[in-house]
Amino acid sequence: MGAGVMCSSPGSLSTAKPRALGASLPSDSCFETSRSIGNDFADRWGGGSEAGVFGGWAGTPRGSSSAVMEPPVITEQSSRRLVVFPTDDISLKCEARGKPEVEFRWTKDGVHFKPKEELGVTVHEAPYSGSFTIAGNNSFAQRFQGVYRCFASNKLGTAMSHEIQLMAEGAPKWPKETVKPVEVEEGESVVLPCNPPPSAAPLRIYWMNSKILHIKQDERVTMGQNGNLYFANVLTSDNHSDYICNAHFPGTRTIIQKEPIDLRVKATNSMIDRKPRLLFPTNSSSHLVALQGQPLVLECIAEGFPTPTIKWLRPSSPMPADRISYQNHNKTLQLLNVGEEDDGEYRCLAENSLGSARHAYYVTVEAAPYWLHKPESHLYGPGETARLDCQAQGRPQPEVTWRINGIPVEELVMDQKYRIEQGALILSNVQPSDTMVTQCEARNRHGLLLANAYIYVVQLPVKILTGDNQTYMAVEGSTAYLLCKAFGAPVPSVQWLDEEGTTVLQDERFFPYANGTLGIRDLQANDTGHYFCQASNDQNNATIVANLQVKEATQITQGPRSTIEKKGSRVTFTCQASFDPSLQPSITWRGDGRDLQELGDSDKYFIDDGRLVIHSLDYSDQGNYSCVASTELDEVESRAQLLVVGSPGPVPRLELSDRHLLKQSQVHLSWSPAEDHNAPIEKYDIEFEDKEMAPEKWYSLGKVPGNQTSTTLKLSPYVHYTFRVTAINKYGPGEPSPASETVVTPEAAPEKNPVDVKGEGNETNNMVITWKPLRWMEWNAPQVQYRVQWRPQGTRGIWQEQTVSDPFLVVSNTSTFVPYEIKVQAVNSQGKGPEPQVTIGYSGEDYPQVSPELEGIKILNSSTVLVRWWPVDLAQVKGHLRGYNVTYWWEGSQRKHSKRHVHKGHVVVPANTTSAILSGLRPYSSYHLEVQAFNGRGLGPASEMTFSTPEGVPGHPEALNLECQSDTSLLLHWQPPLSHNGVLTGYVLSYHPLNAGGKDQLSFDLPDPELRTHNLTNLSPGLRYHFQLQATTKEGPGEAIVREGGTMTLSGKPDFGNISATAGENYSVISWVPKEGQCNFQFHIQFKALREGKAITDLPRQYVSYNQSSYTQWDLQPDTKYEIHLLKEEVLLRQMAVKTNGTSPVRFSSNNFAMEGWFIGFVCAIILLLLILLILCFIKRSKGGKYSVKDKEDTQVDSEARPMKDETFGEYSDNEEKAFGSSQPSLNGDIKPLGSDDSLADYGGSVDVQFNEDGSFIGQYSGKKEKEAAGGNDSSGATSPINPAVALE
């Protein structure tokens, strides 16, 4: 929990921002934590700036003049080392501040030096400055060389500058010398010396020739750090007389040249190889001192032939690669920023083919002095103990000495007030007179450190700088800081008291700071109150009051929860928090540490009432989301992680390799992993496209595991492969990779032969050989053909063959239904496929020549029989026996035979079945039965039989109506059943009150089968009844018809609730809603045509039942108004009016078009055509010809014939009441030959017929042509086994 403290002066509150997590000491205007070295008053007594303190403080004690003073402080001085040249002015700086004003003095080489008395020296007369300048003069420069030191003093002490070494350097000159020619033999080594004049400042050396061109340096020719030019071995091309060493002195901005060196190389025909020898350094080892923080340069230059190479080694540890560099063709090693860890041995190794030479550098790392604890100036009060710590480190360990006011302590009179312990200067019981400036020096052979620090003893009364009566606010559980910044000398003591004057430090939650601040941790509500700060020293004391208010801490009661969401979805984070009611609350949202806001027109983020909704999630949205609940005092944060998951990203890169494997139809494919989008990749799908054969169509070559990123692919010959790879995880496939480059495999002979080879005839004297052609990717070449071979089965004769491109071949002039051996082989330009398998096919079939012999019929019940027959002789089938077709049809009831054709039912059973169950038959009826064998060609001759079904129970009576006779009697009207299913013997009537729950049911027989009405009496006028009527035969009662009603009547006229009348052009519909409980009754409806308000025509009255709820009157005149009367026994029940639509009828003259000659001729022609068609149909029936199995044989049945089902084979059609001729019978009594439009092949393509478990054929037959003409609607026509209604799959 983050917590904050807010403080205020009386009457105002600050507007501090909420504090971050982990409260620390306040640093705002309420709490001063300044710790700068120069502002010691602020350190010890809470004063403002140093200038403010020394400029005069209102609380200066009596008799203390030092309160407005400042000891000397050096503010600017020259650098430790100055190199000057004859023409340069010499400026030595020394500036200091202090009160009273400081005075300056100088020493040179430890002797008092007075600049004002020196000739040619100008002293700067500026305030706080003791600097002086020496005018440029060659003799002056030499005279003023030495070590200088500046001293700045006032009455409080003396400050001292560091030592300033002044070095004067004259104009550089090369000593005069005679340079003799250097003569060497080719292949030998040589060193050309430079020996430049010494200089206090670094100089640069260049080797050039007289044309001012640099001497080219390489592994053989090198300039060393000392300026000499080294030749590992000389060549005749090195023969020159103008090798000149140039020395550049940046301080004087001059370049001087050495006398040219003449190098003479004697040519030789026999250069002698020799192993390396070091030219620099010349011995086997050397010791070096490296200064910490400075660069280290090591050098090894060797001679030999062939030219040696240089390697550097460090036996103890690896070279620091980040700080080391090799220069000058590996001859120089430079190590930057040397540290103690670089101490140790370094080796250089010079090698050529004849041997090696080495040198060991033993490096010791030393350091100039550096501070561990630098003494700092402090203010003290009288009686305190002053301590100045001075600790320095270096290698070797530096010597530490102290000075007081510039005088070494050894030269001062021993005073018991001060002592030196472990480098620290300690003064006891200091008084204002002990104010001084001290100097600590640390020195070793590499340098000198100096620090000035003063001890200032002052006397000041207590003053509390923090405002009185300030108010602080914080939340429970946090830490509050009550400020009390006191000023005074000696340092005042500070204590905090509660309202009762008791110290608060008795509670361990309260803790003080050295600057007077009181901290209170783990705040509680009862910590609210007033607290008193009391500061005192030997001068006086002061008190202020601080007011603390503890508020309720902000808490998140329900924070956002981490979730995993799918890309493209949306996520909702919720956040609820509790706040202190007196504070201003705020709830904000952050995403990965940045504040979230609704972005203008973008609907990405929706923030409202503690909810964050992120729409259309993308993978960039995943991260950490936090709810921040805050007030001006504290803030709390609750985080949740959002992971966005989805299908993988695309595979970024594909690479094909090992192309030499293409000769073996292989290639190596590798790819870069796809982004998994927080769901592990399960597999990679490898696909290919052939842009030549099947552009823009991709085929899968297989899948590999998700942790695999390469595979070797087995390819097919002659395919133009372009690959792509798709990553798949549990969320599905990602986008495919970019397509690879295309590779083409070489051609090859086919590796496969066609499958599904068949031989079947579509005529009696041929055989059609078919097969499934090879896919293009199996061709292995640009084109493929098929070698077809055949011969009669069992002959072992010569194969006949033919090569074709199409996937079929017709073999003509065959015998009927003869078996053949068939082979089909793929061939291309590269050769033939493997040896094909032999398939048995057959030439064309003929119609079966035998009819099944019927065994008999077994009656199972009144609507089901079992038909049996003997198997046929297969030799007479003339083809594959596909099954048996059982055709049956209803000839009539045993009561009354029908003279009209009815639908035929069909059952098809497989060849191994010799029985069939015929179900759904009509009881008490005569049937005709035919059984035929069939093959692929068609049906054979039929075996016929007639049978009868026994009586069954009748169907339900028709149209049971209830008519009120009185309050206690009802007249029941009904019609006999449509299906008697035997000889009716009467009716059974049952009824009971509806509220009796079936109890008190009355039932009695009505033995007269001709009865159509029955009057029920003694009924209760207040009840409704359940009536049930059944017809009976000798087999018992049949299905019941049920009605509900009663004699309940309403007073007055009958209620025709919501009666209305609508009209069309020649009709009108009257509708009403029968009142529940209203007794049914009969009434008349009469329409009267009106013209000019008078009735001109009365239409006949129509007898209507109240319960039928509507009536339609036809044959009305258009655009005519009618008056409608509802009458019962001549009593008018209701009167309405309606007007028909359309236009008024037009009266024609007697010579209308119906009497025209052309119309009469047209009608006669139609009648003649219909007669001819009817005659042809009756001729066909009289010859006993078969109906075409696809034709419909609808007929009108009598009232006793009830429609039967035609939903499955073996059941009757329910369309027997349709008009005869709904489909024309075949004019040819023969079944069409195989190959005609109505063959079995048209309705299944083969002989693969499906059957039920009992052996019956699944589905009905129907005419294919009728189905197509009807747009696919079911046909109700007759069926045959070569014209199935359901496709044979």
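Any Cβ shown, glycine's included, is placed from N, Cα and C.
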Per TrEMBL record, range annotated region 'Disordered' [choices 682-713, 938-969, 1034-1065, 1258-1289]: 1258-1289
1-21, 295-315, 358-378, 862-882 - the range that TrEMBL marks as region 'Disordered': 1-21
Secondary structure content, the domain 'Ig-like' (461-549) (per DSSP, counts of residues): 6 helix, 46 strand, 37 coil
Result, the domain 'Ig-like' (72-165) in contact with the domain 'Ig-like' (369-456) (3+ CB pairs under 8 Å): yes
Leading stretch by Cβ pairs under 8 Å, where the reference is the domain 'Ig-like' (276-364) and the options are 72-165, 175-262, 554-637, 848-953: 175-262
Region pair the domain 'Fibronectin type-III' (650-748) / the domain 'Fibronectin type-III' (848-953), three or more CB pairs under 8 Å: no
The domain 'Ig-like' (276-364): DSSP-derived helix, strand, coil residue counts: 3 helix, 53 strand, 33 coil
The domain 'Fibronectin type-III' (848-953) [mean pLDDT, rounded to integer]: 90
